[in-house]
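S.K.: Before we start, here is the structure in question, set down as structure tokens.
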Amino acid sequence: MAMASIARRKVTSVFSSSSKYSWIVSSRGFASGSDENDVVVIGGGPGGYVAAIKAAQLGLKTTCIEKRGALGGTCLNVGCIPSKALLHSSHMYHEAKHSFASHGVKVASVEIDVPGMMAQKDKAVGNLTKGIEGLFKKNKVTYVKGYGKFLSPSEVSVDTIDGGNTVVKGKNIIIATGSDVKSLPGITIDEERIVSSTGALALKEVPKKLIVIGAGYIGLEMGSVWGRLGSEVTVVEFAPDIVPTMDAEIRKQFQRSLEKQKMKFMLKTKVVSVDTTGNGVKLTLEPAAGGDQTTLEADVVLVSAGRVPFTSGLQLEKIGVETDKAGRILVNERFSTNVQGVYAIGDVIPGPMLAHKAEEDGVACVEYISGKEGHVDYNLVPGVVYTHPEVASVGRTEEQVKTLGVEYRVGKFPLLANSRAKAIDDAEGLVKILAEKETDKILGVHIMAPNAGELIHEAVLALHYGASSEDIARTCHAHPTMSEALKEAAMATYDKAIHI
């Protein structure tokens with residue numbers, strides 16, 4: 001079957017649109033001066049800083065250029081890390097307010113300290129940023145703070161954050177500039193009343209009413225943060241479903257869970273205009289298919305309609321780097337652009353816009369540059385929504401399996417039947433496994449559970465090595481753990497579960 005080749009592929013089909021760039025790229029043949037690097041990385045996010053460290057570990061003279069002046073990119077500074085800090089803090093508050101009593105823990109009063117939450121978040125970000133700088137020093141990576149732009153395929157001009165300018169030379173240059181918030185026509189983000197995820201991570205007080213435009217990962221996570229803290233949250237989505245890439249059955253249960261948490265959804269709805277002339281924000285809406293208009297008011301509006309590759313100011317056109325209609329840089333299976341010696345990784349190329357995917361790109365890219373073999377399989381990049389419960393998945397959804405025309409089995413196990421989940425009174429969710437009927441080879445795993453983001457990695461490893469559902473089912477899992485739900489779902493896939 002087509003899935004049989006997934007586990008050990010070195011490249012995914014995402015590069016097929018640019019397969020015309022099929023040469024094998026090695027170091028360029030420029031005369032090397034004392035100031036010339038083997039590798040120059042533009043961008044210090046998860047893809048860029050990991051690529052720089054890996055290149056240095058492979059013995060390559062390496063420089064990393066980062067415009068923010070703080071390493072870690074969007075993920076660490078205004079994305080993954082601060083959002084998870086606030087998700088955890090808001091969950092602690094919600095638990096103290098609503099769940100402690102049922103566990104025999106009585107608290108006289110619970111109050112929100114938004115500045116305190118923000119301080120904890122900022123401390124975590126600061127410590128991690130300094131940690132990356134320490135790793136650069138340890139691995140002898142040169143760190144240049146400034147905005148880089150191409151002068152030639154081997155030279156990058158950097159306007160440094162202290163007001164100066166320097167030129168960094170490199171035999172191989174990796175573009176790792178990440179992505180930016182996708183804007184919507186007629187909506188101006190001021191990061192006060194109309195905010196991106198950046199502004200939503202820095203609100204000074206809990207808005208009474210919050211409207212989230214976009215029902216993807218980021219919008220639902222940030223909606224969860226402020227909803228737990230007391231905001232009345234309404235999610236407006238143009239599409240008919242939340243998180244459209246999610247398995248439909250899991251998605252429906254997930255939406256019901258969020259609705260139980262008082263999150264409201266307006267699906268198949270288009271934002272026509274935004275009015276900020278009053279004290280709050282007034283949105284004019286209409287059905288996506290057309291129809292009567294309605295208005296919706298809020299204190300804060302979060303624009304979370306996706307992200308776009310960030311290549312502004314790089315002067316790609318000056319050196320002739322090709323991009324597609326979405327602005328993504330086209331690369332071959334070795335991450336090389338059409339310009340020899342220039343590479344691209346992470347959010348600026350096709351594939352999932354995820355920090356861990358960018359890290360894998362970075363490692364593989366420098367392995368190719370150093371003459372080794374790299375490995376990334378975009379079909380097996382796990383995705384996680386860090387709400388409560390979390391939702392995590394890897395591999396194919398049931399809808400995708402049906403489209404492939406593969407005969408398959410489905411095994412499911414509810415957390416309500418898991419002893420650990422019941423013991424801690426946190427048993428909302430399920431595990432769902434899809435496996436090929438003839439061979440029992442696992443095609444996809446989908447988990448909705450309090451710690452789904454941790455549970456999913458057993459499934460990721462199983463898919464990488466072409467495991468069957470019986471392989472997981474016959475592997476001893478510690479008791480009592482939530483991971484037993486994955487084992488039981490595997491048992492249900494090839495035979496029958498025990499505890500349901």
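Quick reminder: no glycine exception, Cβ is built from N, Cα and C everywhere.
Curation plays no part in TrEMBL annotations; they are all automatic predictions.
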S.K.: Which one, Cys64, Cys80, is listed by TrEMBL as the other cysteine in the disulfide with Cys75?
M.R.: Cys80
S.K.: So what's the average pLDDT for the domain 'Pyridine nucleotide-disulphide oxidoreductase dimerisation' (381-490)?
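M.R.: Mean pLDDT, the domain 'Pyridine nucleotide-disulphide oxidoreductase dimerisation' (381-490): 98.
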S.K.: Give me the largest Cα to Cα distance among Gly214, Ala215, Gly216, Tyr217, Ile218, Gly219, Leu220, Glu221, Glu237, Gly306, the residues the record lists as binding NAD(+), in Å as a whole number.
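M.R.: Max Cα-Cα spread across the NAD(+) binders: 15 Å.
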S.K.: So if I draw a 10 Å sphere around the Cβ of Ser179 (FAD binding site), how many other Cβ atoms end up inside it?
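M.R.: Counting Cβ neighbours of Ser179 (FAD binding site) within 10 Å gives 22.
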S.K.: Restricting to the recorded positions Cys75, Cys80, Glu237, which ones have a CA within 10 Å of the CA of Ala355 (FAD binding site)?
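M.R.: Close recorded positions: Cys75, Cys80.
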S.K.: Rounded to a whole number, how many Å is the Cα of Ser179 (FAD binding site) away from the Cα of Cys75 (disulfide bond)?
M.R.: 10
S.K.: Relative to the Cα of Cys80 (disulfide bond), which of the recorded positions Thr177, Ile218, His479 have a Cα no more than 10 Å away?
M.R.: Ile218
S.K.: So of all those recorded positions, Cys75, Gly214, Leu220, Glu237, His479, which one's Cα sits nearest to Lys84 (FAD binding site)?
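M.R.: Among Cys75, Gly214, Leu220, Glu237, His479, Cys75.
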S.K.: Out of these recorded positions, Lys84, His479, which one has the fewest other C-beta atoms within 10 Å of its own C-beta?
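M.R.: Output over recorded positions Lys84, His479: least Cβ neighbours within 10 Å is His479.
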